[in-house]
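Colleague: Before we start, here is the structure in question, set down as structure tokens.
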Amino acid sequence: MTFLTAKNSGNCSLLTTGLRQKEKNPRFWREQAQETLRRALSLQELNTNVAKNVILFLGDGMGVPTVTAARILKGQLSNNNGEETVLEMDRFPFVALSKTYNTNAQVPDSAGTATAYLCGVKANEGTLGVSAAVTRSQCNTTAGNEVTSILKWAKAAGKSVGIVTTTRVNHATPSAAYAHSADRDWYSDNEMPPEAIQQGCKDIAHQLFENIPDIEVIMGGGRKYMFPKNTSDVEYPNEEKFRGTRLDGRNLIEAWRKTKPKDKNAFYVWNRTELMKLDLNKVDYLMGLFEPIDLVYELNRNNETDPSLTEMVEVALKILQKNPLGFFLLVEGGRIDHGHHEGKAKQALHEAVEMDRAIGRADIMTSSEDTLTVVTADHSHVFTFGGYTPRGNPIFGLAPMQSDVDKKPFTSILYGNGPGYRVIDGERENVSTVNFTDANYQAQSAVPMRMETHGGEDVAIFAKGPMAHLLHGVHEQNYIPHVMAYAACIGENTGHCRSGAPTRSPSGLLAATPMFFSLALLRLLF
């Protein structure tokens, strides 16, 4: 069977004739550049308001090649070329680069990086919410080396806080917001070595409810880590792999409910139907655990039973916005990373497009006048696309030529290593004999590995809103939460905040704000 849908798949190269004609005229490009220049000049009037609200969108594994490929995919999903498409994050006026290394790793993992961009300090690979003095898997190195996160700083300032993820809620990224763990894999006490339990360390799921018990919104996966061992899952009662894992016999959902004040309304839901039925005006606390482990990929999602990331973000914002003091929301597109690890570029890129859709929804629901929004990644992957493809080439399609060595076609998308390595009869697999457009197709890789690895290059930071201009160059990753806290006047660095200093309101009139920036300070910054 041959699946050679080569080059442009009969989509007229996805090129719009009108656009093609415009692009032949130099005026098209000059006018486009002049409009971009006008927008850039307008940014000289800096937004130095207080960030009442802060939203951090974290695309796990969303390196720059992934951003570019997702942009093309987004456009092609609307029958456009793709290259000229604008992602929601592309609209953000300030862009920087983040250096992602861990204190003991040139190519990082998601736990050490999460500690950096949430807690403001770099840490060792595999550790969460602790300093680099902690050695992975060694519980007895933890005590006294815990570090707190911007989520906790926001809560201490009276703001509402939320976590939304497409992974389990006790996975690396969300965990750094509330946990202090010598090992990212200690999801429940079932995954911990006996000596760690004896030394007093707590599993991550336990810490979710103990360390910061009043998190207003928690949504993602991870149900099985909340229930006693062998408890049948509500959605998959006959699946042994989805049964409860806890050795301590605790039902953490019930424990969570009991910690809530009697005059507050706390709701636990496990499917989209229950979520959408909620009267959010009457919700004070919400926990939504929609899968036993991670949420299903967006391409595989059941639209009736599983909420999208965009839907979860909308629900979270409606709840958090009720607090007049503002909020901090962490949103993770976590399965971008999983798609890449499995060599399934189509799954990874659709996850990235869905996160961009969620960014757009948040933009509609908030204002840049009082909301700082930051979009970044924890690390990259050894994912790439190339091969001199023509304009409008399907992002999951073939390069326009064959290899000049083995005389076989190849896809534009490739991995440096991973499970897509295929040798048949001593030669590279001929991709024309497989369906390389399938959602679960594993793109070819140069080195065989069961799981593809992270990449070590810098990742992008996109920012808009109050003090977004402080993200402006090449930064250490741990700089990010310090900027967010500075903008929101939370945490330790609040000496610049003063009641009654003037700023501009959305209407252009002077309004009161607790932040004051002197001309001297601005001169130091620029």
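Glycine too: its Cβ is placed from the backbone N, Cα and C atoms.
Predicted automatically and left uncurated, TrEMBL annotations should be read as such.
TrEMBL feature annotations, pasted as is:
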ACT_SITE  Ser110  active site, phosphoserine intermediate
BINDING   Asp60, Asp337, His341, Asp378, His379, His454  Zn(2+) binding site
BINDING   Asp60, His171, Thr173, Glu332  Mg(2+) binding site
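How about a rundown of where these features are and what they're close to?
Modeller: Within 10 Å of the C-beta of Ser110 (active site, phosphoserine intermediate) there are 27 other C-beta atoms, taking all protein chains into account.
A 10 Å cutoff on Cβ-Cβ distances gives Asp60 (Zn(2+) binding site) a total of 28 other Cβ atoms nearby, all chains included.
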Colleague: Could you tell me the C-alpha distance between Asp337 (Zn(2+) binding site) and Ser110 (active site, phosphoserine intermediate) in angstrom, no decimals?
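Modeller: So the Cα of Ser110 (active site, phosphoserine intermediate) lies 9 Å away from that of Asp337 (Zn(2+) binding site).
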Colleague: What recorded positions in the list Asp60, Ser110, His454 lie within 10 angstroms of Thr173 (Mg(2+) binding site), counting C-alpha atoms?
Modeller: Asp60, Ser110
Colleague: Closest to Asp378 (Zn(2+) binding site): which of the recorded positions Ser110, His171, Glu332, going by Cα position?
Modeller: Ser110
Colleague: Near Asp60 (Zn(2+) binding site) in space, meaning Cα within 10 angstroms, which of the recorded positions do we find among Ser110, His171, Glu332?
Modeller: Ser110, Glu332
Colleague: By a simple count, how many Cβ atoms lie within 10 Å of the Cβ of Asp378 (Zn(2+) binding site), its own Cβ left out?
Modeller: 31
Colleague: What subset of the binding-site residues His171, Glu332, His341 lies within 10 angstroms of Ser110 (active site, phosphoserine intermediate) at the C-alpha level?
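Modeller: Those close enough are His171.
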Colleague: If you take the centroid of the Cβ atoms of Asp60, His171, Thr173, Glu332, the listed Mg(2+) site, which other residues of that chain have their Cβ within 8 Å of it?
Modeller: Leu58, Ser110, Ala114, Thr165, Thr166, Thr167, Ala172, Pro174, Gly333, Gly334, Asp337, Asp378
